[in-house]
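If you check Swiss-Prot, you get these features:
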type     : residues : note
CARBOHYD : ASN190   : N-linked glycosylation site
CARBOHYD : ASN368   : N-linked glycosylation site
CARBOHYD : ASN611   : N-linked glycosylation site
TRANSMEM : 409-429  : transmembrane segment
TRANSMEM : 443-463  : transmembrane segment
TRANSMEM : 464-484  : transmembrane segment
TRANSMEM : 528-548  : transmembrane segment
TRANSMEM : 570-590  : transmembrane segment
TRANSMEM : 634-654  : transmembrane segment
TRANSMEM : 683-703  : transmembrane segment
TRANSMEM : 716-736  : transmembrane segment
TRANSMEM : 758-778  : transmembrane segment
TRANSMEM : 817-837  : transmembrane segment
TRANSMEM : 854-876  : transmembrane segment
Amino acid sequence: MGSSKWGVLFGLLILHVIGYSIFLKGFFPSKVVVPGFNEFHTGQSPFMEHNEAKFDKLILMVVDAMRSDFLYSDHSHMKFVHQLINENCALPFTSYSNPPTVTLPRLKGITTGGTPSFLDAILNIADDKDNSQSLLNQDSWLHQFQNNSKVFNFFGDDTWLKLFPPEKFFNQYEGTNSFFVNDFTDVDNNVTRHLNDDLFNSKWDALILHYLGLDHIGHKGGPNSIFMRGKQEEMDGIIEKLYKETIDSNTLLVVMGDHGMNEIGNHGGSSMGETNPGLLFASPKFKMLKKNLKSPLAYNNDYKYYNYINQIDLVPTLATLLNFPIPKNNLGIVIKDILGLWKPEAQKSILMENSEQFMNIYEAKHANDTDIINEWKKSQDSGSIDVHYDFLSKIQGLLTSAATEYKYVDIYIGLSILVAMAIVAFGLFNWYFLVQATINPKYNWYFIGISIVYSIHFHASSLIEEEYQIWWFFSIICLFALYFNNHLKSLKYFWLILVGLRIIRSWSITGQKFTTPYTFSAYLLQNVDLLWVLNIATYFLTAILIYSQGSLIHCVTLREYESLRENVKDFGSLVTFIVTFVTCSISFSFKLCQYFNDGKRVPDWLLAFLNWTCESYGITIDPKEKNQLHELNIHLSKILFYCIGVLIIVRIVLGKIRKLHYGLLTDLSNVLTLFLLHQSRPEIVPIFLIFSLVKFSAAKLLANNEIVLRKNIDQLMIIITLFSLCMQNLSFFSMGNTNSLATVDLSNSYNGFKSYDVFLVGVLTYCSNFAGPIFWSLASLQLIFENNVVCFDTKKSSKDLVNLKFLKYQILYVKSLAGFLFYSMAGLSLVASCFNLRFHLFIWSVFSPKLLFFASWTLLTNILIDTISSLSILALC
């Protein structure tokens, strides 16, 4: 097996991961904060009039992913909110939410007033037991309000409980898990059921409610989901209840989204939809401001309605309205619109308090900046409100840009390790292919050339955003090089691959800067009959491949037969046929039920099958009831996972007993393809038809030139490794993924689960988003080791490379070495780019997400799937 070579390779891979991790540790440090808790700089509050605060109580209602148009546009169904605005009882805003637009960093922002670090986006997925993000010892408006002997009650997203230990902050509380996106109703009902008791209970001063259902609907069906109207009406009804029950009290109602969502319902990036949630202050007291605003407004694509503010401006505004010191690390500015509640002389005092708090932070970091200090003194002497706001805006910009400090020691150590690994990988690769192997050097330079060109693209933000263009170019170049440089026969297969690549390229929206409605997936969503015909065809083909392409049927027949025709007459073959098609039908049934449960129209000709599936489990479909098949979907997924597990175990065990060495790679690949179908969205499923066509055509091209390629296996390794790299990346982007966190698909992350499990849900999330790369990783093993089996040519299967017991590990080693070179060069270039452009405008919105995606590529795809899993599968053959 060449254990020493493998030991060295795994050691290098581990060092590569260590170097990359150390770099990330230095590049994504925790945000620098000033310790301690703030006090009024004069010892007395400037926010009170006649010794009274403007408000005594607060109700903060956070509606997760409440984009501004959901509140204010003429597409909105929140009629009571519109009524409040028209009656001058509410102040509406669109609030800019700093990326990354995920819940944890946004909650930090709206409670401390600080800007989030990108590290918070990673920690957002931590499980409920993680308390590393606690804000117990950091100043926040919760701490300040509580310090005034105020009592908090909290119900909703348990992310709040990670930030604020409930035993320290909340009198009553109940958390709901924010990651179980299949739940649209219970997750909100568990919040609302507390309202009847709490609204009439005078033992609270602040009530925090965080609703998750709207966000979950977005993840599952997008902003135009059939469930969106009902959820908006539900939220509007809750706002009406909260407002009317507290209208006679001195209570401030704040309704807001922590972030928005993009046009596919996800978030995490920096698009207009994601960064522009709504923010509403409601109270009869606002009538005195006489804003005379109208609502709803016409829908607009930039999602900017009414006045545009920073979301963190909420923090000093709450401090002003509720009379407590502005939190020490706040970077928000008191919202100008609310100053009309005070007399002109008091307005200046409020802004001076905000300025004092800003300067405390600024002087702690820039003690010797006399220009800013002089400008500050001038603003204090000015009687103009605008001068104060200009100064605050300037300091806010300076503090925001310097909120995070890089740990340069970690960055340099990580970079040094990555440089060393790239040099070693380059040396090992060239030593093997230029010294030991007999390969034509041009193939070696083809691979290195593509690796270099790919690595260079990381130094331009637009190329990272549109990376699919690079892989489309590489795929075509690779195909032509494969065909013409090897003088391969069968032109028809060349054209089949070329057409297949073009279809794959156009399957989904693949970039961040340019989008188009003219994609295959968009067309299929508009033509559901064709969509489900193709889905049936995909599942049918998968069942046929599982049944007949490999050697599964030979493992279960009662005796050995010479031909497939004789095999199918065997009783064991019949059992295999039934099990295979039943397993595929379970996954198809799940897809159909999931599609219906998400509120989408099922074709009329499939309704009978849907009803039969539901009735088999004692469910009668009620058109008025939403999300009624949730439990059935969990059950179907569990059954499928068990069936797939049984198929794999039976194939391995019976194969060992009957000493069937050929076809195992193909059998495992086909069964796992069924799992990948299960983890893909319905409009993505048919792309696997094209994948299978391209794989079969590539196998035929290689088979027709078998004599030449078998004479030089190293040449075969380079060709297939390069081809699989191109197909892995092209398929990743063509299935709707990008280098933005906003396109991470969670719709299939909870298949088979009733609750959130960070590890298992993480596995399913990876498989859902990297289904294409996983498919082509398995396909590359088939093309190398079982090419004739892929071509259904069992008579030649004895010539496949999988039968070379000792050489097969050397072959996989060479493939893994090539992958290591590619990822080490690319990883080094990426981190060098991020370090060089660390002050670039798009460092957090473009380059930093790519760092996280590349970590998934190198650790999970290259090391875990391409190397470790491939080695494990090969050991079974």
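Cβ coordinates come from backbone N, Cα and C, glycine included.
Since this is a predicted model, take the numbers as computed values, not measurements.
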Distal contacts, the transmembrane segment (817-837) - CB-CB under 8 A, six or more residues away: 9, 12-13, 16, 20, 23, 27, 411, 414-415, 418-419, 421-422, 425-426, 428-429, 432, 447-448, 451-452, 454-456, 458-459, 461, 717-718, 721-722, 725, 843, 847-848, 850-851, 854, 857-858, 862, 866-867
For the transmembrane segment (758-778), sequence-distant contacts whose Cβ falls under 8 Å of one of its Cβ atoms, 6 or more beyond its ends: 125-127, 179, 665, 668-669, 672-673, 675-676, 679-680, 684, 687-688, 691, 724, 727-732, 734-735, 737, 744-751, 856-857, 860-861, 865-866, 869-870
Positions whose Cβ lies under 8 angstroms from the transmembrane segment (716-736), at least six residues beyond its ends: 264, 433, 439, 443-444, 446-447, 450, 467-468, 471-472, 474-475, 478-479, 482, 486, 501, 504-511, 521, 680-681, 684, 687, 691, 694, 698, 702, 709-710, 743, 745, 769-773, 775-777, 779-780, 783-784, 811, 814-815, 818-819, 822, 861
For ASN190 (N-linked glycosylation site), the number of other Cβ atoms found within 10 Å of its own Cβ: 16
Non-local residues, at least 6 beyond the ends, that sit with Cβ under 8 Å of the transmembrane segment (443-463): 426, 429-430, 433-434, 469-470, 474, 477-478, 481, 485, 513, 715, 718-719, 721-722, 818, 821-822, 825-826, 828-830, 833, 836-837, 840, 842, 846-847, 850
C-alpha spacing of ASN611 (N-linked glycosylation site) relative to ASN190 (N-linked glycosylation site), in angstrom: 31
Leading stretch by Cβ pairs under 8 Å, where the reference is the transmembrane segment (634-654) and the options are 528-548, 570-590, 683-703, 854-876: 570-590
Other C-beta atoms that fall within 10 angstroms of the C-beta of ASN611 (N-linked glycosylation site): 13
